[in-house]
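Colleague: The structure that follows is given in the form of structure tokens.
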Amino acid sequence: MAAVGPPQQQVRMAHRQVWAALEVALRVPCLYIIDAIFNSYPDSSQSRFCIVLQIFLRLLGIFVSSIVLILSQRSLFKFYMYSSAFLLAATSVLVNYYASLHIDFYGAYNTSAFGIELLPRKGPSLWMALIVLQLTFGIGYVTLLQIHSIYSQLIILDLLVPVIGLITELPLHIRETLVFTSSLILTLNTVLVLAVKLKWFYYSTRYVYLLVRHMYRIYGLQLLMEDTWKRIRFPDILRVFWLTRVTAQATVLMYILRMANETDSFFISWDDFWDLICNLIISGCDSTLTVLGMSAVISSVAHYLGLGILAFIGSTEEDDRRLGFVAPVLFFILALQTGLSGLRPEERLIRLSRNMCLLLTAVLHFIHGMTDPVLMSLSASHVSSFRRHFPVLFVSACLFILPVLLSYVLWHHYALNTWLFAATAFCVELCLKVIVSLTVYTLFMIDGYYNVLWEKLDNYVYYVRSTGSIIVFIFGVVMFGNGAYTMMFESGSKIRAFMMCLHAYFNIYLQAKNGWKTFMNRRTAVKKINSLPEIKGSRLQEINDVCAICYHEFTTSARITPCNHYFHALCLRKWLYIQDTCPMCHQKVYIEDDIKDNSNVSNNNGFTPPNETPEEAVREAAAESDRELNEDDSTDCDDDVQRERNGVIQHTGAAAEEFNDDTD
């Protein structure tokens with residue numbers, strides 16, 4: 001079999017995309033029905049039976065719409081085929097009824113629907129129009145239900161019988177009989193088709209039930225829901241639902257504005273346009289489904305924004321592509337936390353604008369998490385191309401300027417409250433992170449112009465990063481207090497309390513725990529280094545070797561292990577932070593009271609200074625060691641700094657976690 005060429009692949013790809021778009025479009029009406037049911041309320045003035053019946057019908061409508069929403073593609077198409085066939089049959093019956101029995105039927109058409117004449121009033125033109133209409137209904141009915149052989153012709157003839165009675169001008173009671181008989185035959189045929197398909201429907205339902213139960217037992221509920229979410233393309237359905245809803249509302253409002261202003265111009269004034277936008281935004285988040293739809297639209301915008309920034313700064317990290325997931329989740333959490341859909345229209349607009357400000361700061365934090373690894377990689381790899389550095393520096397400058405501008409605008413339009421305090425704190429925190437990143441970037445760039453090892457570089461990086469981490473931790477504690485004040489005195493809710501617990505755990509407890517663990521590990525590593533003897537001066541020149549870790553020469557001093565291997569103190573400290581063995585021979589790095597005979601192990605290149613045994617070198621070096629490393633002469637996560645120098649940076653991606661405490 002010949003291989004499929006690129007044109008055929010493109011055709012198949014286009015065919016799949018068309019079917020996928022059609023599938024999404026067919027699922028959208030289910031969301032409209034569910035949204036309409038949720039936005040309608042039963043009339044309390046009716047009897048209890050009527051109220052119970054309405055509630056039952058509402059639940060039944062939600063259940064059926066939900067089932068149709070999650071149907072497979074084949075089952076969904078079959079459902080719409082049968083539904084369309086039944087709709088055509090009902091329309092055909094209604095047309096025959098009104099055309100045959102209502103004398104002023106066409107006058108009713110002429111006085112409705114903007115006065116458009118849909119059919120001619122009398123004569124052969126009327127008969128031909130009715131015949132064509134019934135033929136269209138009949139052919140569509142038998143095609144959708146896949147009725148073959150002579151039965152399809154009989155059904156079409158059955159639909160044309162009332163029209164024939166109208167053409168021959170039969171008496172009214174005979175025409176009534178013909179319409180009733182035609183409707184009865186069509187109804188019986190529909191019931192017969194349903195009875196034939198009932199067996200298929202039963203086995204299909206049973207198969208789906210067994211399949212879902214099997215998947216639930218093997219993979220669990222979470223994976224089952226994720227698979228359904230992806231299979232039905234639920235984010236695309238939400239986007240189409242929200243965009244079509246807003247478009248329909250915009251069309252209606254535009255028509256109302258034009259009628260109110262009594263103008264035929266397509267354009268409207270700026271004030272009317274602003275009112276139109278505000279009304280669309282207010283109605284675009286008036287229910288939980290519309291909030292989900294707005295979240296899906298925000299997800300699409302954030303996704304392409306993240307891809308654009310990644311392409312601009314030249315990053316290829318896969319974890320940085322999660323902006324399209326973080327932004328909508330944060331927006332939806334903020335909407336639930338503040339009760340956005342349940343507020344009055346004026347309050348809803350104000351609350352939505354505040355939530356969007358917090359969302360903007362969160363997106364900027366996430367973008368900083370995307371930019372920082374690229375910035376550190378460029379500086380540590382000593383890339384001197386201006387075209388590689390400019391995009392990252394430009395994005396970093398924007399990340400510093402935008403929070404400042406946002407804070408300036410907010411402080412000039414709002415009075416001080418807990419929400420403004422939270423937004424300002426997030427902006428200041430982002431500016432601080434940018435300053436820390438640019439400072440570390442500058443230090444690494446300065447180090448790139450040195451030909452020797454800058455041993456104090458890691459200490460400076462440690463001071464900068466630790467200072468920034470401490471300030472960020474203080475911001476987290478302050479924001480927790482701000483959220484506690486808001487929950488107790490302004491607007492407390494279970495969702496807010498839950499989010500505060502998450503904030504306290506992730507941004508306060510875990511951050512403090514990890515910081516303390518890092519400090520203790522570094523302290524232990526420093527103590528191990530300080531227990532090793534130091535060699536410097538003339539003995540260092542006699543070694544004539546390089547450090548086995550960084551491959552740089554010994555210029556000022558070196559530490560000697562019990563196995564007589566020499567390393568830079570800084571390099572060995574980084575190694576001991578990972579494991580407690582010698583990088584060369586993998587023996588334990590420790591000093592005992594009585595140093596054992598290690599004469600069988602020499603230094604890095606087998607050299608021993610003349611007139612000196614290895615034991616004497618160790619004892620003399622230990623006696624002459626008068627400089628100890630301080631506990632703060634180390635970096636924040638030394639292994640991370642070494643990775644930065646090699647251009648391999650771990651992406652944190654923690655911008656969204658800092659907003660678990662979003663307040664009013």
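Glycine too: its Cβ is placed from the backbone N, Cα and C atoms.
Sharing the features that Swiss-Prot gives for it:
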COMPBIAS  599-610  compositional bias 'Polar residues'
MOD_RES   Ala2  N-acetylalanine
REGION    599-664  region 'Disordered'
TRANSMEM  51-71  transmembrane segment
TRANSMEM  85-105  transmembrane segment
TRANSMEM  125-145  transmembrane segment
TRANSMEM  154-174  transmembrane segment
TRANSMEM  178-198  transmembrane segment
TRANSMEM  293-313  transmembrane segment
TRANSMEM  323-343  transmembrane segment
TRANSMEM  356-376  transmembrane segment
TRANSMEM  390-410  transmembrane segment
TRANSMEM  420-440  transmembrane segment
TRANSMEM  469-489  transmembrane segment
TRANSMEM  495-512  transmembrane segment
ZN_FING   547-586  zinc finger
Colleague: Treating G and I as helix alongside H, and B as strand alongside E, what does DSSP give for the zinc finger (547-586) in helix, strand and coil?
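Modeller: Taking the zinc finger (547-586) as a whole: 8 helix, 8 strand, 24 coil.
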Colleague: Does the structure show the transmembrane segment (420-440) and the transmembrane segment (390-410) touching, where I'm treating 3 or more Cβ pairs under 8 angstroms (sequence separation 6 or more) as a contact?
Modeller: yes
Colleague: By a Cβ-Cβ criterion of under 8 Å, what residues six or more beyond either terminus of the transmembrane segment (125-145) are in contact with it?
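Modeller: Residues 81-82, 84-85, 88-89, 91-92, 95-96, 99, 106, 119, 151-152, 155-156, 159-160, 163, 166-167, 193 contact the transmembrane segment (125-145) from elsewhere in the chain.
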Colleague: Give residue numbers and ranges for long-range contacts of the transmembrane segment (178-198): same chain, 6 or more residues beyond its ends, CB-CB under 8 A.
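Modeller: Counting only partners 6 or more residues beyond its ends, the transmembrane segment (178-198) has Cβ contacts under 8 Å with 82, 85-86, 89, 92-93, 96-97, 100-101, 145, 147, 151, 155, 158-159, 161-162, 165, 170.
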Colleague: Would you say the transmembrane segment (390-410) and the transmembrane segment (293-313) are in contact under the rule of three or more C-beta pairs closer than 8 Å, pairs 6 or more apart in sequence?
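Modeller: In this chain the transmembrane segment (293-313) contacts the transmembrane segment (390-410) - 3 or more Cβ pairs sit under 8 Å.
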Colleague: Mean pLDDT over the zinc finger (547-586): what is the value?
Modeller: 82
